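What TrEMBL lists as region 'Disordered' is 1-32. Taken from TrEMBL, the feature transmembrane segment covers 44-65, 85-108, 120-140, 163-182, 189-206, 212-229, 250-268, 274-290. Per TrEMBL, domain 'Tyrosine specific protein phosphatases' is recorded for 390-457.
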Amino acid sequence: MGHLQRQPGATPRRRRNGAATAAGRGRGVSAPAAAGRPWRLACLWLLLLGPSFFLLYGAANQYAAGLPPERVGNVAMAWERAIPLWPWTIVPYWSIDLLYGVSLFLCASRAELNAHAKRLLAVTLLSCLCFLLFPLRFGFERPPLDGVFGQLFDLLMGFDKPFNQAPSLHIGLLVVLWLRYWQHTPRRWLWLLHGWFALIGVSVLTTWQHHFWDVPSGFALAVLVCYLWPMPAPTAPSWRSPEPGRSRVLGARYAAGAVLLLVLAAALGGWGWLLAWPALALSVLAWAYWRLGPVALQKHAGRRRFAARVLLWPYSLAARLAHAYFLRRLPGAEEVIEDVWLGPVSAARDARFVAVLDLAAEYDRQAAGAVVYHSQPLLDLLLPAPAQLRLAVQALDRLRAGQRGPLLVHCALGLTRSAAVLLAWMVLSGRAGSVEQARALLRQRRQRVELSDAQCEELARLCARLEPL
């Protein structure tokens, strides 16, 4: 999960041949396969996905059509009658079919193609499962339409029915496709891409195919699927907390918060179900502390993947508010040893630093593009796992050896993760004889450090297991 990015003048940050790199916009992408694009595999996936879509979608439609009317509800709200019917928007609505097929041939590697196809299949399967479990019908009657647009509506209704509402499969597929096309569209054409995909999103309402609640539910399903199948796949070493007891307690706190929010959502009903969003975010955090480690936050090359940013947004907002409050009482970045500084995430925007080691898994890159930057995401309030500690210390040593000028090591507040890595680097590089000696030096330079005696003892054991630099 660590990524070193050089100054723009040193090496090219990206090459454009119709496909952007992750460093350019913070979006994961698989490197093109040496043998070229996987055309044959794309054809096989198309042969599987096309019939699967029509089979599953059609079966769900037929099932709902065969149910007694009282068993099929709708989620229409009175204000939705004010939504206009724009017949011409059937064109962007239909265009998703073409975009669906072409997207498979955009993928530059087998790994990217397989992940993209799994996303498409998962969105279809899960949407159709919801259609079967919670059958819904569109609540309004569309008036007859003529002309070319009317013919397109007639063609659509030849296999579609006014069922299969929430979550909107159209919106779910739209999100998955948008992420792929965004990855492979040259920057100068992004305005057209985003505009057309936004028009497709609007068309599900202006063609009177879906109600309002179908849209956010379809978006939420797509975000969940994209989170479960990230691109590129995580490459971080396996994670096991060196503080299992503390990790279990922290995870339990997040899990308790998730349960409390779900109970509150069920009690409130209606709009209260929006609390399921922060509940899901806290569930991800609980699983991160129990099992997955920082890979659960999906930070890659300094930026969290789109799905992770959306899924964890309630947690991110709360964390930023809390950090802003605490930072008012904390010092900024402070020099510890040999032009190596320790500080909070906000210090990364300081122009004096020529290099930055970012250890905050919950923040996207804050450092300016001109600095030498390395990201090694770590979980808050915990010591790094041995493999992560080794990578972070090695990265810090490379940054210090390769740059002249102030170097910043930061996490969120500059109290625990960054302090632990800095202490380990001082010991393993021979700048301190022990963790206690390094800790004493750190306390002389920085008054606030949140590392307990037990954590320092565990850190000393971790350092003893690692090779000196």
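Using the three backbone atoms N, Cα and C, a Cβ is placed for every residue, glycine included.
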Field: Annotated stretches the transmembrane segment (85-108) and the transmembrane segment (250-268) touching (3 or more Cβ pairs under 8 Å)
entry: no
- prompt: For the transmembrane segment (189-206), which stretch among 44-65, 120-140, 163-182, 212-229, 250-268 has the most Cβ pairs under 8 A?
  reply: 163-182
- request: With a Cβ cut-off under 8 Å, give me the same-chain residues at least six positions beyond the ends of the transmembrane segment (212-229) that come close to it.
  value: 75, 77, 80, 115, 118-119, 122-123, 126-127, 130, 165-176, 179, 201, 204-205, 277, 280, 298, 305-308, 310-311
Query: In the same chain, which residue numbers or ranges, 6 or more beyond the ends of the transmembrane segment (250-268), come under 8 angstroms Cβ to Cβ?
result: 274-276, 278-280, 282-283, 285-290, 381-382
Query: Could you count the residues of the domain 'Tyrosine specific protein phosphatases' (390-457) that DSSP puts in helix, in strand and in coil?
result: 41 helix, 4 strand, 23 coil
